[in-house]
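**Q** Starting off with a structure, shown below.
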C-alpha cells in the first residue's frame, strides 16, 4: 500500500503524487506542468463537445433557419456567452474556490455544509470530530449574525429540510454517475460517425457495432488502471485542442471572417427575436457545449485550483471559442451541408483522416476520465453510508486516487451498450446528456448559495445575487432540456431515480440500524455491577468487538455473553466510522479510551476515516492497536488521578484521547520482535494443543493446525503480523508505575494468546405495525442490497479465520 505515516515524513498522495495533507507551494513551472497534465484528465469530455453542439442545436425545428446568416451568427453568440458565463465565470472564478481541503464535487459542498451548518443526517458523529485540524475552513468564525443564527436553527430543527438537502445531493451525484454511461456512448459514437462522411459504403448500423466494440474494449481495460496510459492523455487532448483552434482559424479566414461580429451580445437578443420558441427549444443543443464542465470541479482533488484555471483560461477556452466560431463561419456559407456531420464536413479533405483518428482518441480519453470519476464518486457515497459496499481495487500502489470497482464497471458497460444500441443516434443521446448536465449544474448552484451563507459567511445578498445570476440562466437551459424528455431526456431522469432510490434506501436502512443500536446499547451501570469478571469466564486473548457505536456498549455484547458466557481477558470495542472531511490525518485517526475501571481491561478504539480515505487499508491493525493502547495507558497515568477516569464512577465512560503511534516504541515500555516462523508459536495451534490435551483428542489439534497453515499460506501478511511478539522493556520497567506495568503485562499476555474479531451479523426487519412503504424499503429493498453487497468484514480486511459473527434481528 501507499505510505500513510506523516510522522515518518510520508503521507497519502493524490492522483499525481501530490501530498493531500500538505500541498507544497507551486513554482510557476510546476504550475504549468500541472496545467498541462490536467488537460488530459479534467478536460477530455469538455474538449470533445464541438463534435455534437451544432448538430444538437439545429437538429430540431431550428433547422429551417439554417440558411439565414443572422440565425447562425446568433447560435454562435449564444454558445460563446454560455461558455463564458457558466464554465469560465461561474466554475473557474467562483466554484473552484469552494474546495473542501482541496477536494471538489457535490459531496465536497455537502460536507462543507454538514460541518459548518450542522445539516448532517450521518449517525455516530462526536464532538471530538470537530477538533480535527481539517474540520473547519481556515478563517471560519463560529459567531453568527442573528439572521444567520435563526436560519441555521430552523434548518437544524426541521429534519425534513436536511432530508431534502441530502436527496438533492444524492440526485446531483446520481447525475454525475449517469454521465459515466452517457459520455462514452456520446463521445465514441460521435467520433466514429465521421467515417460516414467519406465512406458511403459504411452503414449506420456498422458504425454502431464498431462503437460498441470500442466501448467493450474501453471498459474491459479498466482493471489495468489509468496509470499505464495516463501519460498519453495530456498529449492527445492538447494536440486535439490545437487542431480545433487551427481548424477554427482556417474556417474563419476561408469562409466568413464577419463571424467575429457575433461576439457581441446583440446577436443573442436578435437570435431569440427571430426564432422565438424554436430558439428556446434549441438551447437543449447549446447546453452540450458545457458538458464536462462539472469535471473541472469534481476533479479538483487530482490537481490544484490554480492549475485548472490556467489550463482553462490559457488553452481550453480560446481553442473551443475558435472552433465554435469556425464551424459557424463554415455553416453560414454552406447551408446545404449535412448538419449531422457538420464538424467533419468543415475539415479540409487532405487532413480529414488524421483529424478523425485524433478525434477518436480524444473521445476515448474523455470517456476514461468520466469513468474514473464515477468510481471515485461511488467510493465517496459508500464512505458516507449512502451506497452499498462494493469492491474497490487500487490500480496503483503509489498513487492514492487511482481506483477501480469491478461491479460498477460492468454495470456501466452494460447500460452504456444498451444506450448505444437502443438509441443508435447521437441526437437522442445528446438530449439525455444535456438533461444530466443541466441538472447537476442547478444542484451545484443551489449548494454554492448555501456555502456562501454558512461557510464563507458572506451574507444573504451576495448569495442571492449568485443564485439569481446563474440559477436563472441554468433554469432556462433546464427548461429547454425538460422539453426533450420524451425524445431521450427521460433516460438520465430514470437512471437518477434508480440510483437515488438505491442510495436513499441504503442510507435509511443504515441510519435505522444505528438508531436501534443506540436505543438498545448495554447500560454501563449494569456492566459495572457485574464486577471485573463481568459475571463470565475471562479466557486468554484479545477480543475486538466491532460495532457502529462510538459510545456505549453494543447490544451484540450482551447477546453474545447470554448465549456463550465467556469472553477474552482484554476487550476492545472498535468503531470504524466516516467523518465528513476528505482525509483524516494519520496521527489524528485513532481515538483510544477506557470503559470502566482499570481492572475491567476494557477499552474503546474509534478509527476515523474521511470520505476519500480507504477503511481497512491498515494491514497491521492488531499490533498497531496494542501499541496505541500501551501509549494510552502511559498517557492516562501521566495525566494523574485528577484527570484519569475515576474507578468509583460507574455511570460514565472514560475519557477518550487522540493517540498516534509513537515513533519511539520505548516510550510505551514495550519491545517488538518478529521471530522466524514457528508453527508452535501460532495462537490457534497453541489453543488447539491445549484443547487436545484436555480432551485427549490430538486429531482436533492437527485439523486446526492444517487449517491455520493453509490460511497463512494464502495470506502471508496475516502470518507475518501474527508472528510479531511484544515484551515488557526491562530497562524502563523499573521506573514504571506498578499498576501500569501490570496492565501492560496483561495486554502483552493477551496478545500472545491470540486476537479474535467479533462482529454483528444483523438482519433488519420492519415492525409489523410499520407502513407498507417502510416494509418494502426495509424488508425487500434494503435486505436485497445487504445480501448482494460486500460484507463489512471483507471491507475492513478482517481475517476470516479469526472472525466470530453474532447473529441478531433488528426490528426497526
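Glycine too: its Cβ is placed from the backbone N, Cα and C atoms.
Note: TrEMBL annotation is automatic and uncurated.
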**Q** Pick from 50-69, 70-89, 90-109: which range has transmembrane segment per TrEMBL?
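**A** Checked against TrEMBL: transmembrane segment maps to 70-89.
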**Q** Under TrEMBL, which of the candidate ranges 231-253, 254-276, 507-529 is annotated transmembrane segment?
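**A** That would be 231-253, per the transmembrane segment entry in TrEMBL.
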**Q** Pick from 118-141, 382-405, 430-453: which range does TrEMBL record as transmembrane segment?
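**A** That would be 430-453, the stretch labelled transmembrane segment in TrEMBL.
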**Q** I'm a bit unsure how to read this: which one of 70-89, 231-253, 310-331, 460-483, 489-506 has the highest number of Cβ pairs shorter than 8 Å with the transmembrane segment (351-371)?
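**A** Result: 231-253.
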**Q** What stretch in 201-219, 231-253, 310-331 has the biggest tally of Cβ pairs under 8 Å against the transmembrane segment (70-89)?
**A** 310-331
**Q** Which of 231-253, 279-298, 310-331, 408-424, 489-506 has the most Cβ pairs closer than 8 Å to the transmembrane segment (430-453)?
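**A** The stretch I would name here is 279-298.
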**Q** Counting only pairs 6 or more apart in sequence, are there at least 3 Cβ pairs under 8 Å between the transmembrane segment (310-331) and the transmembrane segment (489-506)?
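**A** Touching, no - the transmembrane segment (310-331) and the transmembrane segment (489-506) miss the threshold of 3 or more Cβ pairs under 8 Å.
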**Q** Of the listed stretches (201-219, 231-253, 408-424, 460-483, 489-506), which one yields the highest count of Cβ-Cβ distances below 8 Å with the transmembrane segment (279-298)?
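**A** Result: 460-483.
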**Q** Restricting to the same chain and to residues at least six past its boundaries, which positions have a Cβ under 8 Å from a Cβ of the transmembrane segment (489-506)?
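**A** Sequence-remote neighbours of the transmembrane segment (489-506) are 166-167, 170-171, 173-175, 177-178, 181-182, 284, 381, 385-388, 415, 419, 431-436, 439, 481-483, 777, 781-782, 785.
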**Q** Compare 201-219, 231-253, 460-483 by their Cβ pairs under 8 Å to the transmembrane segment (408-424) and return the stretch that comes out on top.
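**A** Between the candidates 201-219, 231-253, 460-483, the best contact partner of the transmembrane segment (408-424) is 201-219.
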